[in-house]
Amino acid sequence: MAQEVIKIRGGQALKGEVEISGAKNSAVAIIPATLLAQGQVKLEGLPQISDVETLVSLLEDLNIEARLNGKQLEVDTTQIENAPLPNNKVESLRASYYMMGAMLGRFKKCVIGLPGGCPLGPRPIDQHIKGFKALGAEIDESSNTSMKLVAKELRGAHIFLDMVSVGATINIMLAAVHAKGQTVIDNAAKEPEVVDVANFLMSMGADIRGAGTTSIKINGVEELKGSEYQIIPDRIEAGSYMCMAAAMGEEVILHNIVPKHVEALTVKLQELGVDIEIEDEKIIIRKQTPYKNVDIKTLVYPGFATDLQQPITPLLFMTEGPSFVTDTIYPARFKHVEELQRMGANIKSDEGTAVIKPSTLNGAEVYASDLRAGACLITAGLIAEGVTTIFNVKHIYRGYTNIVEHLKALGADIWTETV
């Protein structure tokens, strides 16, 4: 069967400007959250990615009027109806689990297919389920393909998350906005996307305090009204372009960026020796090789993001000595290692840590096993001698708006082909 591939002829310097998209990890939660509104919602600054289109079509399955126009989405929930959500759409992206919290909050019941997304090893939703149960939901998991959630009523509860989880923190917030009384989420995730979702819910009239700290308090309200809301910039897309610019950038200017959100990456790139200039809403990057070797350990925000350990890895082949990358969040997130080895990289991974040594990369045929592995392979392709062909690019399009066009505009020799 024919499929699209991305091809890159490496070695071209990057120069120019890129406008960073709205945050994927905010958008995929805020779109489901619109169904909690009574009336009309307008979202601005959405990333133009396939995950957004899938979630909009899930809203339409609930008889919600949704008009997606580029970066803008208008939603009218006046005619909303509860309906089972089909497995074929839900399984294509993991963030469809936010429909559970939103539908539970709105209807006190839902039937939804089991979520999909990138295969990153064990990513259970047990913390989400724990939260829903604490709020009064009964959960039927007897089907292999779907899950049924029902609550006679939702009541506020004190929920302590066993592990810090962005998804569970947001999903419990969505379910709790209409619950009677106060819900407290302790050991809550502090990521900017959690704050963004809370700000959106508050723009509709929700009573939420403490988002961005480890303890979030939600006082249930009867009704949420419509609103207009602008989504924050995508710190992971920004970080990925920062890594590409550090690899091959003569001078790359990134606009629509919140420097504080990429601070952990910025500090690590400066340790490597990258020339970085920071302004209010933009960052300028210039390549300054050879780089110094560094060690990286992923942590929850504000630590080094797990989503950026793959995109930064190709830079570590350009250093003077060995580097170590440890992923404490997803220790199985090293499927890119085998693909980099095909390109001649001296890299090995074991039990959540990769050992990376200076290497010359050569173009090869490689496979994007997940979204951020795809960004890693693009960066590797920009550095490599010869042509790199990346297969399974659907993962890349799930998270990066027009990435081929953006890189082409910066001077990369990059194109798509159908094979």
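Even glycines carry a Cβ here, placed using N, Cα and C.
Residues or ranges marked as phosphoenolpyruvate binding site by Swiss-Prot on the basis of sequence analysis: Lys24, Asn25. Taken from Swiss-Prot, the feature UDP-N-acetyl-alpha-D-glucosamine binding site covers Arg94, Arg123, Pro124, Ile125, Asp126, Gln127, Asp307, Ile329. Marked as active site, proton donor by Swiss-Prot: Cys118. According to Swiss-Prot, the 2-(S-cysteinyl)pyruvic acid O-phosphothioketal annotation covers Cys118, on the basis of sequence analysis.
Here the features listed in Swiss-Prot are painted onto the structure.
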residue : record                                        : DSSP (3 states)
Lys24   : phosphoenolpyruvate binding site              : helix
Arg94   : UDP-N-acetyl-alpha-D-glucosamine binding site : helix
Pro124  : UDP-N-acetyl-alpha-D-glucosamine binding site : coil
Asp307  : UDP-N-acetyl-alpha-D-glucosamine binding site : helix
Ile329  : UDP-N-acetyl-alpha-D-glucosamine binding site : coil
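Between the CA atoms of Asn25 (phosphoenolpyruvate binding site) and Ile125 (UDP-N-acetyl-alpha-D-glucosamine binding site) there is a gap of 16 Å, rounded to the nearest whole number. Within the set of binding-site residues (Lys24, Arg94), the lowest number of other Cβ atoms found within 10 Å of a Cβ is recorded at Arg94. For the pair Ile329 (UDP-N-acetyl-alpha-D-glucosamine binding site) and Lys24 (phosphoenolpyruvate binding site), the Cα-Cα distance reads 19 Å. Remark: Gln127 (UDP-N-acetyl-alpha-D-glucosamine binding site) has Leu161, Asp162, Met163, Ser165, Gly167, Ala168 as non-local neighbours, by Cβ distance under 8 Å and separation of at least 6 in sequence. Taking only the Cα positions, the spacing between Ile125 (UDP-N-acetyl-alpha-D-glucosamine binding site) and Lys24 (phosphoenolpyruvate binding site) is 19 angstrom.
In sequence order, Ile236, Gly239, Arg372 are the residues near Asp307 (UDP-N-acetyl-alpha-D-glucosamine binding site), counting only same-chain partners six or more apart with C-beta under 8 A.
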